[in-house]
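Comments concern the structure below.
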Amino acid sequence: MSKIYDWFEERLEIQSIADDISSKYVPPHVNIFYCFGGITFTCFLVQVATGFAMTFYYRPTVAEAFTSVQYLMTQVNFGWLIRSIHRWSASMMVLMMILHIFRVYLTGGFKKPRELTWVTGVLMAVCTVSFGVTGYSLPWDQIGYWAVKIVTGVPDAIPVIGQVLLELLRGGVAVGQSTLTRFYSLHTFVLPLFTAVFMLMHFLMIRKQGISGPL
């Protein structure tokens, strides 16, 4: 094992990276309320893992979506558990995100020089809400269908560009297969990609600037 470690150490300087991580200064005022961001990140990882597992069984078509979810819940070993964890972790992620935002705002963590950290956090909050909206529709049951119809119908009230936005979201005038395909793509590829990028930026800036001091 030592020879393998030495081989990697010679090329990647693993020890210096580990020393830098383990020796990072943590201010004495940091308490349990500073954990909300980390818990949100943990929930996101759970979402990725359980969501990936469900893609093996979910079929994003209006004819088979609901049936595939039923099959996952009733026939797949521990399928009900995986979907339940995904659902409850999603709720926990939203709750922890809200608490994290409140904590950062109340402790002044958005002030100079951490404005960009706040901006990336807000962008991740938008992604999180979008996850909820798009994921809610994927079972394609009555609740999901009408939720999509209402949400995608909101932009129609915008003057001039409203109809264009509506058709862009739905993939046409009416809610149908194109809408489900768009929401599935957003939920499983586009939003996770953007969220991962914003998270990386967020963490790098926190790493560079450190945790904000007390008020």
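For all residues, glycine too, the Cβ spot is worked out from N, Cα and C.
Listed in Swiss-Prot for this protein:
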- 32-52: transmembrane segment (TRANSMEM)
- Cys35: heme c binding site (BINDING)
- His86, His187: heme b 2 binding site (BINDING)
- 90-110: transmembrane segment (TRANSMEM)
- His100, His202: heme b 1 binding site (BINDING)
- 116-136: transmembrane segment (TRANSMEM)
- 186-206: transmembrane segment (TRANSMEM)
Other than its own, how many Cβ atoms are within 10 Å of the Cβ belonging to Cys35 (heme c binding site)?
15
Spatially closest candidate among His86, His100, His202, the listed binding-site residues, to Cys35 (heme c binding site) (Cα to Cα):
His100
Residue with minimal Cβ packing [other Cβ atoms within 10 Å] among the binding-site residues His86, His100, His187, His202:
His86
Measuring Cα to Cα, how far is His86 (heme b 2 binding site) from His202 (heme b 1 binding site) in Å?
24
Calculate the distance in Å between the alpha carbons (Cα) of His187 (heme b 2 binding site) and His100 (heme b 1 binding site), and round it to a whole number.
23
